[in-house]
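Scroll down for the structure; my scribbles are underneath it.
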Amino acid sequence: MFASVELSSYRDQHFKGSRSEQERSLRDSCTLYVGNLSFYTTEEQIHELFSRCGDVRVIVMGLDKYKKTPCGFCFVEYYVRSEAEAAMRFVNGTRLDDRLIRVDWDAGFVEGRQYGRGKTGGQVRDEYRTDYDAGRGGYGKLLSQKIAPNTDNR
């Protein structure tokens, strides 16, 4: 059984436009959002996996907005919709760097979206995690700040 290429219920709350414009953009898009990546996954690994479904136009790695280091997501854009649909079917839910990755439609990359939206610079989901996840920087950022010794006052 094939994975769905239908739109998920997630919508980018920062989309510039109406809900119907966003829906139209998602239905016509050749761009995918890829989540749950390890902070150590490289652009080359992503290209190798996603190019099995077609010609990849561009990969934009998600970055911590302050440190400019990878923060666990990226955008993959294909030249044609049918190849993006193939990636939705065959890559979503597969394992990359020992993590199950999530692939979803994106309305199209806009400059600035490559940066994490969390208060500490990474993804919001990594701010509040209480579990230890070595592939995503250890404990959640807010918890790490609470348990890390303060070395500024020495």
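Every residue gets a Cβ built from N, Cα and C, even glycine.
Per Swiss-Prot, the features are:
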type	residues	note
BINDING	Tyr10, Tyr33, Arg102, Val103, Asp104, Trp105, Asp106, Arg113, Gln114, Tyr115, Gly116, Arg117, Gln123, Val124	mRNA binding site
DOMAIN	30-108	domain 'RRM'
Composition by DSSP (helix, strand, coil) of residues within the domain 'RRM' (30-108):
21 helix, 31 strand, 27 coil
Around the Cβ of Arg102 (mRNA binding site), other Cβ atoms found within 10 Å total 16
Ten-angstrom check, please: count other Cβ atoms within 10 Å of the Cβ of Asp104 (mRNA binding site), all chains counted.
15
Mean pLDDT for the domain 'RRM' (30-108), rounded to an integer?
94
When each of the binding-site residues Asp106, Gln114 is scored by other CB atoms within 10 A, the minimum falls on Gln114
Which of the three DSSP states, helix, strand or coil, fits Gln114 (mRNA binding site)?
coil
